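Each remark here refers to the structure printed beneath this line.
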Amino acid sequence: MGIEEKLPSGVLLSTVEGLAGYMRKASFWPASFGLACCAIEMMTSGGPKHDLGRFGMEVFRASPRQADVMIVAGRVSQKMAPVLRQIYDQMPEPKWVLAMGVCASSGGMFNNYAVVQGVDHVVPVDMYLPGCPPRPQMLIDAILKLHDKVQHTKMGAHRAAEIEELETAALRALPTSEMKGQLR
């Protein structure tokens with residue numbers, strides 16, 4: 001016997017988190033951080049053929065203070081890493097990061113001293129998108145998966161703990177120069 005029985009039909013019960021998640025997922029404002037060829041595919045996804053506006057991402061923001069999702073598209077150089085972190089820090093909470101392409105995810109074919117081997121060494125990444133470069137359809141699919149993640153993400157201390165865990169894991173990660181692999 002709860003409150004559900006006392007309410008008239010047609011009244012929807014939900015949590016504030018559920019409602020806020022539903023609203024947040026429908027109004028992503030992306031900050032574009034296009035660094036290489038993946039940025040061309042990202043721009044294509046905003047055009048009339050693919051129309052990201054259908055998913056609430058109508059305008060790519062030039063200001064990080066107006067954005068809540070950062071799409072890092074392409075390789076990140078060592079000199080660009082502090083700028084990327086500064087832009088991430090300027091974004092208001094809650095914020096999410098999508099690493100678009102192999103270069104943003106793992107450094108790609110640029111396994112050298114000048115390129116960061118994965119943007120997750122600089123900012124916490126919520127979604128990785130493979131491909132070189134990934135097609136606009138793949139970007140839209142990743143955004144829809146990020147929508148689902150955002151809708152079911154708990155607010156407040158839970159999200160802060162998740163970000164702290166991601167940043168700690170990135171700082172503890174072994175530098176790529178010390179890893180043994182195909183290119184070493």
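From the backbone N, Cα and C atoms, a Cβ is placed for every residue, glycine too.
Sequence annotations record features per position, and here Swiss-Prot assigns [4Fe-4S] cluster binding site to CYS37, CYS38, CYS103, CYS132 based on sequence analysis.
Known features from Swiss-Prot, placed on the structure.
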residue	record	Cβ within 10 Å
CYS37	[4Fe-4S] cluster binding site	15
CYS38	[4Fe-4S] cluster binding site	27
CYS103	[4Fe-4S] cluster binding site	27
CYS132	[4Fe-4S] cluster binding site	12
Request  = May I have the list of same-chain residues other than CYS37, CYS38, CYS103, CYS132 whose Cβ is within 8 Å of the Cβ centroid of the recorded [4Fe-4S] cluster site, in sequence order?
outcome  = ALA36, ALA73, GLY74, ARG75, MET100, GLY101, VAL102, ALA104, GLY108, GLY131, PRO133, PRO134
Query = What does DSSP assign CYS38 ([4Fe-4S] cluster binding site), in three states?
reply = helix
